[in-house]
Amino acid sequence: MGLRLLACLFHLPTAVIYGSLSLFVSILHNVFLLYYVDTFVSVYKIDKLSFWIGETVFLIWNSLNDPLFGWLSDRVFLSTQQPGAEISSPEVVLKRLRALSHNGPLFAISFLAFWVAWAHPGLQFLLCLCMYDSFLTMVDLHHNALLADLAVSAKDRTSLNFYCSFFSAIGSLSVFMSYAVWNKEDFFSFRIFCIVLAFCSIVGFTLSTQLLRQRFETDGKAKWDQESTLKELYIEKLSVPQEKRITLVEYLQQLSRHRNFLWFVCMNLIQVFHCHFNSNFFPLFLEHLLSDKISVSTGSFLLGISYIAPHLNNLYFLSLCRRWGVYAVVRGLFFLKLALSVVMLLAGPDQVYLLCIFIASNRVFTEGTCKLLNLVVTDLVDEDLVLNRRKQAASALLFGMVALVTKPGQTFAPLIGTWLLCVYTGYDIFQRNPLSNVVSAQPKLESDTILEPTLRQGCFYLLVFVPITCALLQLLSWTQFSLHGKRLQMVKAQRQGLMQGRAPEIKMI
């Protein structure tokens, strides 16, 4: 039985195994996003100064580690070479799989460090965030880079992304299961739950990467034997020019001239900000806009569905991408976000059912857009390769440079959101505890009753004006992005030509 199961796993399509890696990230990361702030604020009682110091250091490290790890991984690919040099090979894929097989289990172990008090809350908060983000960055960089390395055509990349969304949706079920064990007064059951999740993630990373490595090691060995003979003939007959090594400064200069990259990161910075704004303030909106109008189970359902629906919705968006292209779908989602926000603003905060739909759909469509943008980055990888005639696509490095510019949006979201709320209403999350009862209606103190109308109005304005502003700025940036239509087809054709460019040289020899 065990051998038959292993045989079935070995014959799974590459896209399925690649997509399954998203499952082993999402089962942990969704739980982390939902509970880490509440754990340190409500359970470990971190003070306000330590919290902001930790977030500030995390902002810096979170922005720098993506390009740093990307540069360390892909700097050897930046050298230029004569036309006809091979662009993609099993060795590149194997390098990324080895990185995933090492960093995946370490990522799962770092996840466990949050749920046991082992140091001063401020120190533990800082160390846990930086350690967790480091391993998550390594996993994300190489997993995303494989999307560009395993396929070139939009159809194949869409298929890979489809399975990522499918498995991410399954991984989001961990959020629903966590409700059964989450108890700030008794952490034992939640800790056991997290240990089980981490163990599943470790086993999954190990098994999936091993299956993919076996598959590409077989292909790589055959290809290596063939290339060794061809290189000997090539060296005997022709002199090969020395490769030109690209320094970091030269690479940054190349990126600064990459017009589509610049417009994309401007748009994506706003998108990352909006995604994390929704995640950070979703519980607050539920508490102060809906808690006295909906039941606890309804609030929990809205919170849970907001985590799983983006992945399921993305399966439909990907089918639209196959038909209309990623650019058109993303532009349509920006217009949809703007239209829904304007309708909600005109309707006002007293339309309960419309408010429920808007709060949930705002997060679902925003997260869905984020998940499509990896396809755009892979197109930028192709354009970067063609424009700069690289011998190999520096996929992880370009994903890292995108993150360098856009990841500050993760930290700006809670900072700007809490600042706007405090300026408008005088509400301070460190003096009150809005997360102590996210979706339930408890008896309010007299001071709370006085503050509630202003706080409710402030939450509503944040809810509608942030997406309106984001949508307008994103549409402005996205209209300047030209890597779609005929230009994208031309870039794809040139990269395919480079990949097949060795064949004419062999015939000449």
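Positions of Cβ are set from backbone N, Cα and C atoms, glycine also.
Per Swiss-Prot, the features are:
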- 1-10: topological domain 'Extracellular' (TOPO_DOM)
- 43-54: topological domain 'Cytoplasmic' (TOPO_DOM)
- 74-98: topological domain 'Extracellular' (TOPO_DOM)
- 117-124: topological domain 'Cytoplasmic' (TOPO_DOM)
- 150-153: topological domain 'Extracellular' (TOPO_DOM)
- 178-189: topological domain 'Cytoplasmic' (TOPO_DOM)
- 288-300: topological domain 'Cytoplasmic' (TOPO_DOM)
- 321-325: topological domain 'Extracellular' (TOPO_DOM)
- 346-353: topological domain 'Cytoplasmic' (TOPO_DOM)
- 389-397: topological domain 'Extracellular' (TOPO_DOM)
- 425-458: topological domain 'Cytoplasmic' (TOPO_DOM)
- 478-509: topological domain 'Extracellular' (TOPO_DOM)
- 11-42: transmembrane segment (TRANSMEM)
- 55-73: transmembrane segment (TRANSMEM)
- 99-116: transmembrane segment (TRANSMEM)
- 125-149: transmembrane segment (TRANSMEM)
- 154-177: transmembrane segment (TRANSMEM)
- 190-221: transmembrane segment (TRANSMEM)
- 260-287: transmembrane segment (TRANSMEM)
- 301-320: transmembrane segment (TRANSMEM)
- 326-345: transmembrane segment (TRANSMEM)
- 354-388: transmembrane segment (TRANSMEM)
- 398-424: transmembrane segment (TRANSMEM)
- 459-477: transmembrane segment (TRANSMEM)
For the topological domain 'Cytoplasmic' (178-189), the number of residues DSSP places in helix, strand and coil: 3 helix, 0 strand, 9 coil
Top partner of the transmembrane segment (154-177) among 11-42, 99-116, 326-345, 354-388 - counted as Cβ pairs under 8 Å: 11-42
Folded-back contacts onto the topological domain 'Cytoplasmic' (117-124), same chain, C-beta under 8 angstroms, at least six residues removed: 40, 44-47, 49-51, 53-54
Stretch in 55-73, 125-149, 260-287, 326-345, 354-388 most in contact with the transmembrane segment (11-42), if contact is a CB pair under 8 A: 125-149
Positions on the same chain near the topological domain 'Extracellular' (150-153), where near means CB under 8 A and six or more residues out: 14, 18, 88, 93, 159-160, 382, 492, 495-496, 499
Helix, strand and coil counts within the topological domain 'Cytoplasmic' (346-353) (DSSP): 4 helix, 0 strand, 4 coil
Candidates 301-320, 398-424, 459-477; stretch with most C-beta pairs under 8 Å toward the transmembrane segment (354-388): 301-320
DSSP helix/strand/coil residue counts for the topological domain 'Extracellular' (321-325): 4 helix, 0 strand, 1 coil
Spatial neighbours of the topological domain 'Cytoplasmic' (43-54) far in sequence, C-beta under 8 Å, 6+ residues away: 117, 121-122, 124-126, 129, 184, 187, 430
Among the ranges 55-73, 260-287, 301-320, 326-345, the one whose Cβ pairs under 8 Å to the transmembrane segment (398-424) are most numerous: 260-287
Candidate ranges 125-149, 301-320, 326-345, 459-477 - greatest C-beta contact count to the transmembrane segment (260-287) (under 8 angstroms): 459-477
Outside the topological domain 'Cytoplasmic' (178-189), six or more residues from its ends: residues with CB under 8 Å to it: 31, 34-35, 38-39, 42-43, 115, 300, 304, 436
